[in-house]
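A.B. asks: Right, I'll just put the structure down here and ask away after.
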Amino acid sequence: MDSESVEDFYSVGSALSSSSRRSNFSIQSKASGRNSIREANFGGLEPKSVRYGSHGANSETNSISMSQKEIDVEDARLVHINDPFLTNERFEFSGNSIRTGKYSILTFLPRNLFEQFHRVAYIYFLVIAVLNQLPQLAVFGRGVSILPLAFVLLVTAVKDAYEDHRRHKSDRIENNRLASVLVNDQFQQKKWKNIQVGEIIKIYANETIPCDMVLLSTSDPTGVAYIQTINLDGESNLKTRYAKQETLIKIPEKDKITGLIKCEKPNRNIYGFQANMEVDGKRLSLGPSNIILRGCELKNTAWAVGVAVYAGRETKAILNSSGAPSKRSRLETHMNLEIIFLSLFLIALCTVVSVCTTVWLRRHRDELDYMPFYRRKNFSKGEEENYNYSGWGLEICFTFLMSVIVFQVMIPISLYISMELVRVGQAYFMIRDTQMYDESSNSRFQCRALNINEDLGQIKYVFSDKTGTLTENKMEFQCASIWGVDYSGGKAISLDQKDGYFVKVDGSVLRPKIKVKTVPDLLQLARNGKETEEGSHVHNFFLALAACNTIVPLIVDTPDPTVKLIDYQGESPDEQALVYAAASYGFMLIERTSGHVMIDIQGERQRFDVLGLHEFDSDRKRMSVILGFSDKSVKVFVKGADTSMFSVADRSMNKNVICTTEANLYSYSSLGLRTLVVGMRELSTSEFKEWHSAFEIASTALMGRASLLRKVASNIEKNLCILGASGIEDKLQQGVPEAIESLRTAGIKVWVLTGDKQETAISIGYSSRLLTSKMTQIIINRKSKESCRKSLEDAIIMSKKLTTISGTTNDTGGMSGAGLTPIALIIDGSSLVYILDSELEESLFQLACNCSVVLCCRVAPLQKAGIVALIKKRTSDMTLAIGDGANDVSMIQMADVGVGISGQEGRQAVMASDFAMGQFRFLVPLLLVHGHWNYQRMGYMILYNFYRNAVFVLVLFWYVLFTCFTLTTAITEWSSVLYSIIYTSLPTIVVGILDKDLSRRTLLKYPHLYSAGQRHECYNKKLFWITMIDTFWQSAVAFFIPLLSYWGSTVDASSIGDLWTLAVVILVNLHLAMDVMRWNWLTHAAIWGSIIATFICVIVIDSLPFLVGYWAIFEIAKTGLFWLCLLAIIVAALIPRFVVKFLYQLYVPSDAHIAREIEKYRTQTESGAVGREMNSFLDAPRR
Amino acid sequence: MLVSIVFIPIGVVSLFASRDVVEIIDQYETECVPQNFRNDKVSFIQSNANKTCTRRLTVTKLMKKPIYVYYQLDNFYQNHRRYVKSRSDSQLKDNSGWDEVSSCKPEDMSNGQPIVPCGLIAWSLFNDTYNFSLNNQQLAVNKKGISWKSDRDRKFGRNVFPRNFQNGTLIGGKSLDPTVPLSKQEDLIVWMRTAALPTFRKLYGKIEWDLQPNEVIHVTLENNYNTYSFSGKKKLVLSTTSWLGGKNDFLGIAYLTVGGLCFFLALSFTVVYLVKPRRLGDPSYLSWNRNPGGH
């Protein structure tokens, strides 16, 4: 197998390589005779027949798992390796074909309708339409009443169908990809969709994995496979997966692999897997490192063989592909309240109508039979019978229902649809915004949740992660302290030594991909070798850096054939930085397998056996590697966080070194560097043997393996000799200080939650201008609840004192801008443990409210969410959480708005977020510009939609008062249906997408303008009621001017109905035009186009001879009265609004008004005419 | 200001136009009922008694021809829902649709036969008649062209003849000559254009004659139409017309009011601005500059 792996190395799974492999196998398998009947042939190897064996295994596992309790029997899934028939005997596991499409041709109609009617709005529509079908209630014609619903349903259905079609297409491509599957002891190409659980699949390098499978063997003799999970979580580095030793030696074609895998039910956790496998009577336990998931790619490994355990829709990738959790925007919640008001209003209107009907019927009860326009009795049939009269109660009831039908548009159903459209439009512009495009990572802004756009305009708290969010998470080795000597560059050394360090191999040059700045004297020391004492320490230090990690070196070709780059792939960016640093000091890691590492030390290639490796875990906070040197000595190298390292250091030895190292560490971390401490120890043979046996036992243990391993690790990681420490700079992202500053001026409180040390956090705080020297810092880091309580109380008292004192001094001093003495609260994770979820929460909240900056260090992911919840529970302010790593997910989901940074730490955060972007500084345009716009537009749009529909309904209502309260509409039913579809819908959508109250420049220049959203300036109760009063006035004007003008004239219902229609439509559109702040051709087209469209529609409707209103518009448009009425309505209706608006602008101008004037003023002064401003202003009231 | 400049003249002009219109209105529904029936007008109108009634109208101002003759009904809800719906447009338009009466209840069938024109609207066709005489000379009333041309041409068929009309037990109004096609029945066409408001006028005819001031017109009218059962009023209106239509001061007053208001507002804004100006775009008015740190 070894030879084969070499042969096939880097083969790209092509036909050629697979055929060569096949021939290889055939040679090997000749002896045992392939292609013969399986059971007979391999009976020798596998004493029980498959069927019997599996049954036996079944009962066996049952009994064991009872005691084992690792996987419950009921919850387990049993996979018989290489026996898909038996595995799928009960048809419970899905095949590997995926269907992301929701519908098939047959199910499309019912399912789509079903899904659509999940929206309450549509149900309302439907109920109204159904009511209208009852003959007693038929207000509108049948067709007319269904039209709007049908229209909306159709549009949505077409959209859904298109999307589904695309999904089907991509599914088909995905399902028809090929993979080689073991069938009858031969690997054959098989379509993905035909792969079944239990089958053995062979994957070649760079191929995508078709389903979740447990690794059996790989081309690597130690069973390592490298996979790239970019499709799954976006992480581009390689991850290592291992095949079990027991299965590694088997060749699928030759050795019949049979066995049983017992694993958990399919779940979404892509980082977890629990199973055990039974092969040859041995029971092995499997973990996340033994499974490769669908969607990943095999890299750097010639081939890998695995058995499918989850297929198709049960794979973790597909289970994870569901969308972001849906959140509801704050504005919409408020809006729903107002909708209830409107519903009440609607009910009130209907009640008024019903009551009036009752009174009228009562007063005229004797005349009903004879009134020519009522005629209760029907004489045509010979005998008298009631015509369309069902008695009192029913008549009133019918009237009520009919009025609901007539006034249905009071509830702006179309608002929901237009809001969705507007949000899509807004999202489009946000995505297209070049200021939020990250060139370095080539990532655009992403809108993952479409329904909280406007919340971006109301954020009050920003919770930010530090690493990867404020900082780039591109680690750079800066300085080292070795044996107590600080080698920090001081004078920044450029890379003038031409190409940094390189190695010559077979005539070609091997060079690390990233060059690191080096400190010359340290470089000199490293070059001098380990002869001197100092030199040997340096040597050991860098050897530790190069070896003690999980980095995988990858050799990458460059265009220049003589130069090859070495790329270090690994999960931790810190480790990468350290290895690159070691490489540039001449300790270049060339090759890593599970058995050995090859390190080129100053041009001399050395091989070290890796005897053991204890991976990093968050409890120990360190990792160690045990290296066997060529001179048979064994050393353990340990690397870890300072606290954990010093606790296991041998303090008796070189106290001095430890002290100075600690001092250096302190200075590093106050520079904002991330520090790691490196230590080593030489192991005696007995010690090693002891460890080795313990390690063997622990790593094969079935239960509690992790804790056993941890114990073994901590046994060996002790009495360390501290070699030194490294300082890695985590660079701040571009523009972060400016971004934080403008966020703070915008009235947003920025909290930083980080896992870093307090010193590091504070130093980052300074460099990001989160903390300034003017601030008073309150630091809480206590180890018990009582002391926490005490320090919290003290802090509150102090903060109160500070705020009051600064308030008074501020008044006397008359300092502008500076305001209060800001307080910064710095609190650490261990204190938070005591504070969160206890009664101290409240006092923390009080304290935090007084502080302008809060910095939480050493916090765990769940604590992050806890802090967000702390604010969210106690205030109604909007919170935003921004982060990039998996540890921020809980926080992102907790906050009202979650923003993910698509950075180095993978896509977990992005997957959980509502919005995703490339850099922290994009938060500023996102909130200050787009958030402000979105909020302003959406707030206006909701109000406008309420107004627009209410005006129309009120006009209908007024008319009803003059028709004996019978729901006659002068406005034709077609017009009332088209009103919200054609006449008035487009302008609000266009304005909702395009209107900008202020330019981007102004908004960025005056971040204070953002606070309008925090104060709910664009949408609140007051505005709602003002709008409603305005609505009342406008509808009254629109109705009564024609009424009084035409009172006692020959006008017929259709003509005056047309007048009302046109008046309302023009009024409503002009109202919008009056409020548009920024005109562009689309706005013009939409507003004037709608008015023209209305005229055309009215004309068309009146040109249909079978309708009552035939030719009415032409007849009435001939008269001057019509046009005069129209003009009078528009002016009289808009005057109050105009006056109020003007007075507001003059006397209580909002910040936005002034800023707008500044904008205008600027442009005018630029054009050189200052005086014109005055004139234009004086002209303004005259219109 | 602009508004007031435009509006005040329009208001004046329309007021003048409205004032120019000369109207003679005569309310007759009570006077045309004999004294002894005044307590029970409904039974009078339903009886077979002679309903002829004579009225004297004095011309107040010169009335230039054409003089429009209207009847005005008050409290008659031609826009009542039941009423408005009770018609069949397809039946009126073409002979082939003569039996499409389903929408016409309760006046759809009579004696088992479809009614043409069906429906409550047609059934309740106004049937008072007026004859005018000036100095014992018959004043001709031109009843041609009182309806919309579009209605005559395309809405009411040339080949549709009244059939089975007013044959039921209850007579609602005027009968139609079954030999004249609907497109020629202009009274019906006018009536079928249902009024928007409960007080409405309908054109009865035109008098092509100038009437001098103080001339007395004798009107002989047949008071047939039953408005008594719902206490509706009936008025006879002789009116000239202006470019603005009939006599209605409202719009003129409205224009004057709005114009005046605008003038006043513009004036007060200017004054207010001169007294207490606020420099536009002055950053010092921004809220964070006005009260530092206080938000």
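Placement of Cβ uses the backbone N, Cα and C atoms for every residue, glycine included.
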A.B. asks: Figure out which of A:Arg674, A:Arg681, A:Arg789, A:Arg921 sits with A:Asp465, A:Lys466, A:Thr467, A:Glu575, A:Phe616, A:Lys639, A:Thr754, A:Gly755, A:Asp756, A:Arg858, A:Lys864, A:Asn887, A:Asp888 in the ATP site per TrEMBL.
C.D. replies: A:Arg674
A.B. asks: Need the matching range: TrEMBL marks transmembrane segment on one of A:822-842, A:1053-1073, and I'd like to know which.
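C.D. replies: It is A:1053-1073 that TrEMBL describes as transmembrane segment.
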A.B. asks: Within the domain 'P-type ATPase N-terminal' (A:79-145) only, compute the mean pLDDT.
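C.D. replies: Over the domain 'P-type ATPase N-terminal' (A:79-145), the predicted model scores a mean pLDDT of 77.
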A.B. asks: Give the one range among A:392-417, A:946-971, A:1023-1047, A:1053-1073 whose Cβ atoms make the most pairs under 8 Å with those of the transmembrane segment (A:1120-1140).
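C.D. replies: Most contacts with the transmembrane segment (A:1120-1140): A:1023-1047.
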A.B. asks: Considering only Cβ pairs within less than 8 angstroms, which of the stretches A:337-361, A:392-417, A:946-971, A:1053-1073 has the most against the transmembrane segment (A:977-994)?
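C.D. replies: Ranked by Cβ pairs under 8 Å, first place goes to A:1053-1073.
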A.B. asks: Can you say which of A:392-417, A:946-971, A:1023-1047, A:1053-1073, A:1085-1114 has the most Cβ pairs under 8 Å with the transmembrane segment (A:337-361)?
C.D. replies: A:392-417
A.B. asks: Near A:Asp884 (Mg(2+) binding site), how many other Cβ atoms are within 10 Å of its Cβ?
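C.D. replies: A:Asp884 (Mg(2+) binding site) is surrounded by 31 other Cβ atoms within 10 Å.
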A.B. asks: Within a 10 Å radius around the Cβ, which one of these binding-site residues has the most neighbouring Cβ atoms: A:Thr467, A:Asn887?
C.D. replies: A:Thr467
A.B. asks: Cβ pairs under 8 Å only, please: of the recorded stretches A:392-417, A:946-971, A:1053-1073, A:1085-1114, which one is richest in them relative to the transmembrane segment (A:1023-1047)?
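C.D. replies: Looking only at A:392-417, A:946-971, A:1053-1073, A:1085-1114, the most contacts with the transmembrane segment (A:1023-1047) come from A:946-971.
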A.B. asks: Going by a 10 angstroms cut-off between Cβ atoms, which of the binding-site residues A:Arg858, A:Asp888 has the sparsest surroundings?
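C.D. replies: With the binding-site residues A:Arg858, A:Asp888, fewest surrounding Cβ atoms within 10 Å: A:Arg858.
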A.B. asks: I need the CA-to-CA distance for A:Arg858 (ATP binding site) versus A:Asp888 (Mg(2+) binding site), whole Å please.
C.D. replies: 13
A.B. asks: Using Cα-Cα distances with a 10 Å cut-off, which of the binding-site residues A:Asp465, A:Phe616, A:Arg674 are near A:Asp888 (Mg(2+) binding site)?
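C.D. replies: Final answer, ordered: A:Asp465.
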A.B. asks: Between A:Thr467 (ATP binding site) and A:Asp884 (Mg(2+) binding site), how far is it from one CA atom to the other, in Å?
C.D. replies: 8
A.B. asks: Rounded to an integer, what is the Cα-Cα distance in Å between A:Asp465 (ATP binding site) and A:Asp884 (Mg(2+) binding site)?
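C.D. replies: Checking the Cα atoms of A:Asp465 (ATP binding site) and A:Asp884 (Mg(2+) binding site) gives a distance of 7 Å.
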A.B. asks: Per DSSP, to which secondary structure element type does A:Asp888 (Mg(2+) binding site) belong, with helix, strand and coil as the options?
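C.D. replies: Looking at the DSSP assignment, A:Asp888 (Mg(2+) binding site) belongs to a helix.
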A.B. asks: How big is the gap, in Å, between the Cα of A:Asp884 (Mg(2+) binding site) and that of A:Phe616 (ATP binding site), rounded to a whole number?
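C.D. replies: A:Phe616 (ATP binding site) has its Cα 21 Å from the Cα of A:Asp884 (Mg(2+) binding site).
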